[in-house]
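Over in TrEMBL, the protein carries these features:
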TRANSMEM  27-49  transmembrane segment
DOMAIN    42-293  domain 'G-protein coupled receptors family 1 profile'
TRANSMEM  61-83  transmembrane segment
TRANSMEM  103-125  transmembrane segment
TRANSMEM  145-169  transmembrane segment
TRANSMEM  197-226  transmembrane segment
TRANSMEM  238-260  transmembrane segment
TRANSMEM  272-295  transmembrane segment
Amino acid sequence: MPFSNSSELGPSFILASIPGLEAAQSWMAIPLCSAYVLALAGNCAVLLAVRAEPSLHAPMYLFLCMLAAIDLALATATVPRILSFYWFGSREISFGACLLQMFLIHALSAVESTVLLAMAVDRYVAICHPLRHAAILTNRATAKVGLLAMARGVLFFLPLPLLLLPLPFCGSRVLSHSFCLHQDVMNLACANTTPSVVYGLTAILLVMGLDAVLICLSYILILHAVLRLAAWRERLKVFSTCIAHICVVLVFYVPLIGLSVVHRFGKDLAPLVHIIMGNIYILVPAVLNPIIYGVRTKQIQRRILSLMHVTDR
């Protein structure tokens, strides 16, 4: 296949299609589009509910708004481009657009990981040091954490596209996903990619890896504090405030780990596995996060119903 859509920056890439199912891709785009619309509706509903309800203007729910905004940005950076491929056959993506999409995916994932860590710290302070919670986690401090999360994502993952920029691509330019990821693009280069490999792995470990360890540590301390309570009913009541956050952490990290495993050890797997894992990583957190918090938080439920002009019977 010719690669005519090259730019001064570098060659264009070809998004992955499912071998043997190219004719059915327009139908396969329907559930993908439905999931995207559901993600848009759910996360926008959370943002509007928190904005409209003064009692939700607290660190926990402000972090939830950050999470919703990140999920919206991450899904919007990828899904419309995938749909244009599935519905209109626009399979080529320019080098610059691919690097930008790659940067947004990795940087936004890093920001989301940082926000999840901040939410874990919020739960730790609320349970283990309740009298100091309001003084430590003010709305101003929450805003600073959000800015720090954005800066951390940009600073750690901006070098990824910059390291790929000078590399030559002289062989196959067919990606293994319907969007651009660092390792996927890097594997197509016909030059020494050791600096990209080392830096990419280091960035992942220092951001997502470190965050995961600190989240686990936070919950070990929370569990230790909960087990010191006398009554089982009281233990369950206190720990139940963490259930939604634990689910959101699992929804984020399980697809992330699964996608990493597929990249590292799944070279012999069918292309369908790579495509499905990539779409799960992009869309499942965006779809499930508002559902999880909507089910667990009565204030959000009531405000969403009131925004929809539905009376809660």
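Using N, Cα and C of the backbone, Cβ positions are placed for all residues, glycine too.
By the Cβ criterion (distance under 8 Å, sequence gap of 6 or more), the transmembrane segment (272-295) is counted as touching the transmembrane segment (27-49), at least 3 such pairs being found. In the predicted model, the domain 'G-protein coupled receptors family 1 profile' (42-293) has a mean pLDDT of 90.
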